[in-house]
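Q: TrEMBL feature annotations, pasted as is:
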type: TRANSMEM; residues: 7-27; note: transmembrane segment
type: TRANSMEM; residues: 151-180; note: transmembrane segment
type: TRANSMEM; residues: 186-205; note: transmembrane segment
type: TRANSMEM; residues: 217-240; note: transmembrane segment
type: TRANSMEM; residues: 260-278; note: transmembrane segment
type: TRANSMEM; residues: 305-325; note: transmembrane segment
type: TRANSMEM; residues: 345-372; note: transmembrane segment
type: TRANSMEM; residues: 393-412; note: transmembrane segment
type: TRANSMEM; residues: 424-449; note: transmembrane segment
type: TRANSMEM; residues: 456-476; note: transmembrane segment
type: TRANSMEM; residues: 496-517; note: transmembrane segment
type: TRANSMEM; residues: 590-609; note: transmembrane segment
Amino acid sequence: MLGWVDVAVVVLYLVLVLAIGLGARFFPGSSSSSSKGGGKDVAEYFLAGRNVAWWAVGMSLFSSNIGSEHFVGLAGSGAASGLAVAHFEYVYDSPHHGPVGSLTPVNLRRINSAVFVLLLGWLFVPYYLSSKVFTMPEYLEKRFNKYCRSWLAAVCMVEYVIAKISVSLYAGAIIFKVVLGVSSQWVSAVCILVATALYTVIGGLRAVMYTEVLQTVILVAGAAILLVIGMVNVGGLPGLRQELPDYYFHMFRGADDPNFPWTGILLGYPINAMWYWCTDQVIVQRVLAADNIESARSGTILAGYLKLLPLFMLVMPGMIARVLFPQEMAEDSNTAYPLLVVKLMPVGLAGLVVAAMLAALMSSFASLFNSCSTIFMNDVYRKYRPQSSDKELVVAGRVATLAIMCCGLLWIPVVPHLSKQLYVYLQSVQGCLSPPIVVVFVFGIFSTFTNGQGAFACLVFGHVLGVLRLGLRLWFGTVDPGDSNWIMRLVVYSHFLHFIFFTFACCVAVIFGVSWFTRKAGDALTKEQTKLVWNKDKEEDIVIEEENEQWEEKLAEEERRPLVATTDAAQAKIGGGQWQRWFREHRREVKVGLSVLLVVCVYSVEFIFR
């Protein structure tokens, strides 16, 4: 339980979040580009005016990715299995899981996520920004047809409300139970839901993104402090190695490993990671809010470097908890992180780390609220009421946010009755739905052959196959009895990541097969569709000309300002102008260099802990 000093720190954090969130609404800053790609009020509320700075984009990408389920799942799996969990984006529960027999973590982001953030910035962002869309379903309509848009919008909204909100509530309940006590956990959950919805409803995406900047700082600071204190208590890395089995420190496992087969990592993980980082509305909406393509790309690079941290911030503390509290970890490894906070952190600092966990929880809810309301406004309400004014659309988005919050409140009494296995099934919905979405986006951008009929057939086939697997696993269980036929072994009992690759391959065959059968002589992309497809004749990726011109003019204006060479301040201005000119001329090379360095860092860490 927290003392009054720690409670005061948590309350101070909540006040800061609300102040920043509400301040973003009433002091939005420059809105010079807020009318691009939509009405001024609509773009301001749902895409922060499309003028968010690169550093805010990067921090928001990181914070929206780290939720309360990470503090529970990543740390819990670190306690159960060690570093191998750092490989996974999503994993299934298994009856053969680890020495403590606890819930295998779900919704996990491995260190390789950094590579897929770079793919978002370098490969996908130019096409998303050039399309001037608000949502990913809208992009599919521009590239394919309205049926793809409606299908994806429905899938996203159902998945966000049923799976993601329930997962965040489940993980948040564990945190509240350990840190605040059983009697107050549901009251706390209600308070967090309402507080998050408050600044999200009032401030829109700008409020969400700038509160996520604060949350990123608190997340990193709080987790770093806990890691240092934990390492001191176990005698550093040598002490950790001495107390834990050797396999805890190896990321790679055999192909027959029930939890972490290297074949699944190689074949299935990239598909799931590409879905989350390159096509999911929650993530992509952040880069759509950037003021230009350079800011969007810089933001993804910053987020990539921040994604190096969870391995050390979350997984290793779980391993520390395994050493310090073996009995508690044997009972439930999911309490690893909050237990460390209660047992190890001194007064004041414990409140900071609890604030970090609340930051993760609030960031998850805010991202879900805003993204879901954006999809509702853009792909449902505006589609069927095209004459709606900007004010009406903003009101519709706010009402949708409140409705989603109410759905979250309705989940609260249900969450205690969710078994761990059902919890995993809810989260696994995302994995079963991801392959067809990846296929339509990848081959929509990088192939001119695919058409709307093929894309829609791919979505329907892939999602029906995924739901079929979920239903069969609920009916027959997850363990192969040994006498099943090859179809059951492939569809029902195969490893989660192997099934993702199988579904992906089938969806590729469907989109190209149906496109070939339905293709008519003379069929060609329209002029607008051509802008959304990769063009190998271009020297660089598609760029937003008006946005880049604005950026160039801004730098040129700085250089044209009169400089007085007789003062130190003038000399500093001259130097600043030179650096601006140099960066403008070499910005692509700088970003390429930083991206390559990030990839080297990622695979160096994996090599060290191979």
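All residue numbers here begin at 1 and follow the chain in the order shown.
Note: Cβ is positioned from N, Cα and C throughout, glycine not excepted.
On a predicted model such as this, the values are computed, not experimentally measured, just so you know.
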Q: Counting only residues 6 or more past its boundaries, what in the same chain has a CB within less than 8 Å of a CB in the transmembrane segment (393-412)?
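A: For the transmembrane segment (393-412), the sequence-distant neighbours (Cβ-Cβ under 8 Å, at least 6 residues beyond its ends) are 39, 41-42, 45-46, 160-161, 165-166, 169, 186, 189-190, 193-194, 196-197, 200-201, 204, 365, 368-370, 372-374, 376-377, 381-382.
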Q: Sequence gap of 6 or more, Cβ distance under 8 Å, 3 or more pairs: do the transmembrane segment (345-372) and the transmembrane segment (496-517) meet that?
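A: Taking Cβ pairs at least 6 residues apart, the transmembrane segment (496-517) and the transmembrane segment (345-372) are not in contact, as fewer than 3 fall under 8 Å.
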Q: I'm a bit unsure how to read this: which one of 7-27, 217-240, 260-278, 424-449 has the highest number of Cβ pairs shorter than 8 Å with the transmembrane segment (151-180)?
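A: Of the candidates 7-27, 217-240, 260-278, 424-449, 424-449 scores highest.
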Q: Ranking 7-27, 186-205, 217-240, 424-449, 496-517 by the number of C-beta pairs under 8 Å to the transmembrane segment (305-325), which range is first?
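A: Comparing 7-27, 186-205, 217-240, 424-449, 496-517 against the transmembrane segment (305-325), the winner is 217-240.
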Q: In the same chain, which residue numbers or ranges, 6 or more beyond the ends of the transmembrane segment (217-240), come under 8 angstroms Cβ to Cβ?
A: 13, 59, 63, 66, 306, 309, 312-314, 316-317, 319-321, 323-324, 337, 340-341, 344-345, 349, 352-353, 355-357, 359-360
Q: Report, as numbers and ranges, which residues of the same chain sit near the transmembrane segment (186-205): CB under 8 Å and 6 or more residues beyond its ends.
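A: Result: 14, 17-18, 20-22, 24-25, 44-48, 169, 172-173, 176, 180, 211, 285, 289, 358, 361-362, 365-366, 369-370, 374, 394, 397-398, 401-402, 405, 408-409, 412-413.
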